[in-house]
Amino acid sequence: MADRSAIQLIDEEKEFHQSALQYFQQCIGNRDVGLDYHVISVFGSQSSGKSTLLNVLFNTNFDTMDAQVKRQQTTKGIWLAHTKQVNTTIEIDNDRPDIFVLDVEGSDGSERGEDQDFERKAALFAIAVSEVLIVNMWEQQIGLYQGNNMALLKTVFEVNLSLFGKNDNDHKVLLLFVIRDHVGVTPLSSLSDSVTRELEKIWTELSKPAGCEGSSLYDYFDLKFVGLAHKLLQEDKFTQDVKKLGDSFVMKGTENYYFKPQYHHRLPLDGWTMYAENCWDQIERNKDLDLPTQQILVARFKTEEISNEALEEFISKYDESIAPLKGNLGSLTSQLVKLKEECLTKYDEQASRYARNVYMEKREALNTKLNSHISGTINEFLESLMEKLWDDLKLEVSSRDKATTSFVESVAAGKSKIEKEFNESMETFKKLGLLISNEEITCKFSDDIEERIKQLCDAELKAKIGRIKKNLVPELKDHVIHLLSHPSKKVWDDIMNDFESTIKDNISAYQVEKDKYDFKIGLSESENAKIYKNIRILAWRTLDTTVHDYLKIDTIVSILRDRFEDVFRYDAEGSPRLWKTEEEIDGAFRVAKEHALEVFEVLSLAVTSDNVEIIPDVPMAEEESGEDNEIYRDNEGVFHSRRFAHILTELQKENVLDQFRRQINITVLDSKRSIITTRTHIPPWIYVLLAVLGWNEFVAVIRNPLFVTLTLILGATFFVIHKFGLWGPVVNVVQSAVGETRTAIKDKLRQFVVEDHEVKESFEMKDFSKNEQKEK
């Protein structure tokens, strides 16, 4: 190829072109391409029209074969061309990306004969460096193994995995299968399904390296299929099909756009040249690419085929034979051994005629697949056994005689029983060769049993703590509220004594020594101490919440008022007082007030009778770890202390005293008013005097019919309004009537003033007109 628009990137002697970077610089000039470029390769049989397709699609000038002269190899090595023009059905005016096209030497050519080393390395190189690999094939080649390059693709896939399979990225390559001379008799979907099935089958049969055993074909490749009409017999349709194909290379944002981000190598253009050269060097120098002879290839193919047939027969019998036996160890192991031996025997009978090293290699691989398949059943059996044994253990623990057997003893006995039965079953599988290694299973079993026992212990502990909490919290609340609602000077001594006794009563069953407890679930001394500490924390938090929620300002005022009224309103024997003089009221007031305020300071600050502040012996919250957090500010800007003993601030204390004084002052005033009312009531003789002196007027009224009628009407009206509470509507009606009357009067006055003003203006205008006439 002598065209100046392309260079031979890799020549026939497998040498990489050392001036590739200069070629790229010539193609792009001074433009900063960055990542806005794409690489496409074409791969296929010799003389299948690869170069022709590239020239029509990308407007390149690769050399093509003249079929009228001779069918021979045209492209030698790997050629590279640059283009920005793609043949499409639509005009794209915006700036198109730079595309670099690799034309790979055709496979299965007579020039190289049986030397297939270069074509396989070239195909591997194309996959390694390209975003899109166009696989050019004829429709009649689909279904063939050698003719459609499936054998070559299998080798390339395998080596590609070994070289690039462990890369920790999501890079993929698009395999674009272009089916030539597609006449449409067989739908494209059917052809694509056939090729896809062949590729998936090839992938499952690959010898995958460590770390890639579970990989899928679609982890590394995406598949697309396009059909093209016959170039000579259907030239117009061929051109139209190529243009439609070109649309997928330029129409960004569409579903069929081929240059997806995950295909790009994310390297600048000069970095790509270095990457491509390093890839070729790795492919060329890797010893694993020294391909075996055709005889070894045949042996590998046939032994793989025999192995797959034996494995398929094994799998077809497996589920039906094993399903009824999964719960019986003896029957299950016998059937597994039988099925495995039948599969290996069938393989040995047919595959032992081929090369021994290949035969043994595939036999080992088959044995591994069988063990892998069987291991699922073994794991399922062991898991089922584990669940059954665990259910038995839980039943034994829950139904034990708690008077003679402790929780710890029951769990320990059950654990020993589980381990013994599980290990015996696992050894049975191992002796029969069904289980190669039991270390992983044993480790998993040990971790599982320890985790389950821990969960069982946690559940038992949670139940015990729940029972303690269920009794402890309500008892504390009830006792504390009762003591605070009827406080004495030693109320905090009483509360703390009750607090300690309530805790002790609820956990006395677990006490072994003074301040030492054992909750009987197999915990260490430090763990038991931690649980005891948590119970005390719960108790202190309950006490703290109860005290501070109950002793609010209104509650304390109510307590003080009740203490005041107990002394002020009732005597020593509990009888209500009857006041006679104000001096008696004032004396009782002073005594009652002093009695009430005796507990005010007690309710403001939690201190014992020895005047020692009550401080919790355990941290009630994380905030208590630092002294800076003891004081906080509320939404109203008032500072408070988080310390348990500090109940009221100074400002709150003043508020309590103010409310208390107002309430007791009202009580005293009411008492004094009762004395005044008693003294100032109207004597009965006044009513007799009024009747005697007003008798004549009363008789005059009742003798006059008009007065009697008006009196009855007004009395009945007053009774109805008062009886049904209609004073509000009556007042509204009166107010409305008065308002309407006032408005009407204002309108009349306004109208009168306006009319008077208009009359005056008319007289003035007449006088003004007369004066003008006189002047004229």
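Indices start at 1 and increase along the chain as displayed.
Keep in mind that glycine also has a Cβ here, set from the backbone N, Cα and C atoms.
What Swiss-Prot says about this one:
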- Gly44, Ser45, Gln46, Ser47, Ser48, Gly49, Lys50, Ser51: GTP binding site (BINDING)
- 34-263: domain 'GB1/RHD3-type G' (DOMAIN)
- 1-681: topological domain 'Cytoplasmic' (TOPO_DOM)
- 727-776: topological domain 'Cytoplasmic' (TOPO_DOM)
- 682-702: transmembrane segment (TRANSMEM)
- 706-726: transmembrane segment (TRANSMEM)
Worksheet, complete the sentence: In the topological domain 'Cytoplasmic' (1-681), averaged pLDDT is 79
Worksheet item: Short question: which residues 6 or more past the ends of the transmembrane segment (682-702) have a Cβ under 8 Å from it?
Response: 708, 711
Worksheet item: Using DSSP and three states only, what is Gly49 (GTP binding site)?
Response: coil
Worksheet item: 10 Å Cβ neighbour count around Gly44 (GTP binding site)?
Response: 25
Worksheet, complete the sentence: For Gly44 (GTP binding site), the three-state DSSP class is strand
Response to the item:
For GTP, residues beyond Gly44, Ser45, Gln46, Ser47, Ser48, Gly49, Lys50, Ser51 with C-beta within 8 angstroms of the site's Cβ centre include exactly Gly106, Asn136
Worksheet item: Including all protein chains shown, what's the count of other C-beta atoms within 10 A of the C-beta of Ser45 (GTP binding site)?
Response: 21
